[in-house]
Each structure stands twice: as structure tokens, then as C-alpha cells.
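S.K.: Below is the structure I would like to discuss, written out as C-alpha cells.
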Amino acid sequence: MQVSTTEIVFLLGLGSLIFLIAPLFLVMYVLLYNRNKKKHAEEKMAMQVSYETELLKTQMEVQEQTFKTIAYNLHDNIGQLLSLMTITLSSVNVNDTARTAEKIATVEDLTKRSMKEVKALSRLLQGDELLGKGLTTAIEAELDFLQRSDRYKISFTRFADIVFDDSSKAIIVFRLFQEIVNNIIQHARATEIFVTLEQVSGMYKIIMRDNGIGFNVDEKISSKTGMGLLNITKRAALIKGTAYISSIPDQGTVIILNIPIAQ
Amino acid sequence: MLYITYNTASAFICFLMALVFLFNDKDAAWRLMILFLLASLATEVLGIFMRHAVHSNLGVYNIYVVIECGFTSFFFYHLYGNYSGKLKWLLAWLAFFLVMYIAELLYNNFADFVFISATIMSVVFVLASLLYYFLKMQDDHFEPLLSSGPFWWVSGALFFYFGSTACNLFFDYLKDHDTAIYSRSVRYVVFVALNIVLYTCWSYSFICRYRQQRSSSY
């Protein structure tokens, strides 16, 4: 069969055109993919910046919380003890030997208690160092300090030690813990606090329960005063964790933090 | 006027661009591009001369295929440098090509163009271009490809070698029945178009490379 000139020109032209268009689409696809990669990189960077900002904020909040506790303790505890010592010492009558000995013994006891309080405070002041020793140690120290107030009966159960490779994650979890404890102190009117640390299938679980007045979770979250609870959920999500909040009015509240162990 | 054709003109412009933008390049591989383009231009001019003087320029183009294969393979290897390109692969490919090339020359008694070697070379360069894209897409590090010299160099090569596939497939037929069109063969017209695309992409890649070098030196 004879092929005409026009047919050859047409076939070759079409063939070459197709073989030129194919790489054109490929180049366009690679460029588009690269543009998406840039967008993804920018989003990743923004998330990193937001994470670092949040981390910095959390670190400052941990410090602020520590200072508040110290100020509270200095005023209400050590201050009271020192006042009692002053009153006791000023009432000493050197001629009444028997009473003086008794009063000096009381002052001695008050001094010892003050020293214990100062020691506990200094331990709290080293919050960052405590975190360095492990999150479990820091949580234990915080609960220990809370117990000293005699306002709460605290049950601490440890089925697992919480250890993170990433120290920033430990700071965020510690702050979550502090925030929950703060909520209990300020709003729950509880007498008992139960804290449990567990490890379940690649996750650390921190369960915090109180026997306080409780609240309606949905109502609280949708109201302006529920910012703290939202903050807890948001912070947990920041480290790819979850915060489950359950509360029944007049029966207490349970908050379960699930934090993945891996990065 | 005999020597001023679309091919020589586009090759000359690209050579000038390389000379201006790559002369002071820090990378020897990019500077070598100037010599390669000079060789391409010389081949085109010599090809025209030989066609008119002895009515055959096969020898010139057969020699040029070796230079083209050597330089382009080396340049691809150089571009893979960031992704741990292995020297043994380059050497193995070049050795394979040389054996195939010499065998084809001997088979044709030096009387024909090394069509099979050139076609296989084109296929390998298309694959090399695709591999480069794949590596770029896999790379987590973002690079603005629109202004990336290597990317446009590879794109030019891909357009040229993939675009010439139709001509390569029809080579045997065209050799015997090449059809006159606009006083030139069909193959010639297609290759003029491909050369223009190739040299445009490469010229742009030299500009990108120059701008990249300047911005990194500040």
C-alpha cells in the first residue's frame, strides 16, 4: 500500500506532538507537586512555630504556677508559723521557769515545722530539675506538696513510669496535670483526689478523679468559663494526645489524658 | 548564509547564553557545558559543510553521538550527586554504550548512522530524567523548581529525547522514504522544533543557575 506524503507528515507530526505533550504534562505535574510540597512545608513550619510558642507559654505557666504556690505558702503557712513563734516568744516570762521551758519547746517545734515547709518549698522551686528526673517524680512532688495542706486526701497509684524522650512533651503533660489540679483546688470543692498513671498499648494514661461538686461538661465548654477545659483538650492535641473529660454534678469529675509514647 | 539554519542559530544562541551565564560558575560541570555546546555548534556547522563538500555528514554525527552520550551521562550523574549517584552505574552504562556503539559501527561498516545506539541512548536519558523527577519528588527538602537550573536542564533533555521518539521509531522508514516538506525532510523539521525547545529550556536553566549563584554569593 502506498502511503501518501501528507499522511506521513501528519503521522509523524502527530506522533512528535504527542511525544512532546506527554513530557509537558509531566513537567507540569512535577511543578504542581512541588508547589503542594512548598505549601505542606509552610504548614509544617507554621505548626512548628505554634508548637514552640505554646511550649514557651507552657514553660512560663509552670513557673508562674510554682511562684503562686510559693507566695500562697509563704503567706498562709510559713507566715502563720513565724507569727505564732513571735507571739510565743514575746509572751515568755523569764521568771516563770516552768512555762518558759514549755514555750521554748513550742517555739522549737514551730521552727522545725517552718524548716520543713521551707524545704518543701525549695523542692517545689526546683520544678524544672524535678522534671529532669522524670515526669512521675515531678507529679509525685506536686501531690506531696498538696497533701501537706491537709485539705485533701490524695491517692496516688503508679502502674507505670512516664518517660518521654522529648523533654518538651514532658513539660506540656506536667502543665496539663497542674491545670487539672488547679481546677480541682479552685472549683471542685473536693476532699479526695485520685491520680493513676498507666501504660496501655503505646499510650500513657493519666487518670485524675475527684469527689467534688462536678459540672455539666457540655454546658461548661460552650460557656466563656470553659476556656480552661478547652485549653486542656487543645494542649493534649498538641502532643497528639487526647483529654477525655467526664463529670456528674455532685458526684465529681474524671479527666483521662491519653498521651502517645512515641514521637 | 549557508551555515545559518534554525539548528545552528538556536545552538549558537544557547552557546552564547552558556558563555555569558556559566563562564564564572563555581561548578566545573556547568562550565563544561560551554565546551559541550561549542562541540554541538561545531558539529552542526561541520555537518552542513560535509554535506555540501562530500555529500555525507554521517561520520561527524556518529562521532558527536559519543560526545553527547559521554557529556549528558556525566551531567546526569553530576545532578544525582546530592542523591548519592553511584559512579559504578555511570561507568557501566558508558562501557555498555561504547560496546554497543562500536558493534553497530562495525555491523554497518561505518556507512550508516548509529541509529540503534542513539535510540537506546535516548531511552536511557528519558529514564534518567524521570528518575531525577522521582528523586526531586521524594526529597523532603523543598526547592523552588521554577527557578532551578538543574530542573530546567533535565526538562530540556526530557523534551528532546522523549520528543524524538516518534522520529526514532520511524527512522528506518524515513531513511528510505524521507518526504519533502517545506524543502526539508520531515525528520529535519521535527528535529528543528525539538532543538529549539531543548536550547530554550537549557538557556533558561543557565539564567536560573546564574541567578542562583549570584544570590548564594551575597
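Keep in mind that glycine also has a Cβ here, set from the backbone N, Cα and C atoms.
Any TrEMBL annotation is an automated prediction that lacks curation.
From TrEMBL, here are the annotated features:
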- B:6-23: transmembrane segment (TRANSMEM)
- B:30-49: transmembrane segment (TRANSMEM)
- B:61-80: transmembrane segment (TRANSMEM)
- B:87-107: transmembrane segment (TRANSMEM)
- B:113-135: transmembrane segment (TRANSMEM)
- B:151-171: transmembrane segment (TRANSMEM)
- B:186-207: transmembrane segment (TRANSMEM)
S.K.: Please indicate, using numbers and ranges, the residues of the same chain that are 6 or more beyond the transmembrane segment (B:151-171) and have a C-beta under 8 Å from a C-beta there.
M.R.: 72, 75-76, 79, 115, 118-119, 122-123, 125-126, 128-130, 132-133, 136, 143, 145, 187, 190-191, 193-195, 197-202, 204-205, 208
S.K.: I'm a bit unsure how to read this: which one of B:61-80, B:87-107, B:113-135 has the highest number of Cβ pairs shorter than 8 Å with the transmembrane segment (B:30-49)?
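M.R.: Counting Cβ pairs under 8 Å, the winner is B:61-80.
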S.K.: What parts of the chain pack near the transmembrane segment (B:61-80), using Cβ distances under 8 Å and only residues at least 6 beyond its ends?
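M.R.: Counting only partners 6 or more residues beyond its ends, the transmembrane segment (B:61-80) has Cβ contacts under 8 Å with 29, 32-33, 36, 39-40, 43, 47, 87, 89-90, 93-94, 97-98, 101, 105, 110, 113-114, 117-118, 121, 124-125, 128-129, 131-132, 135, 150, 153-154, 157.
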S.K.: Would you kindly list the residues that approach the transmembrane segment (B:87-107) from elsewhere in its chain, counting only those six or more residues past its ends and only Cβ-Cβ distances under 8 Å?
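M.R.: Hits for the transmembrane segment (B:87-107): 62, 65-66, 69-70, 73-74, 77, 114-117, 120-121, 124.
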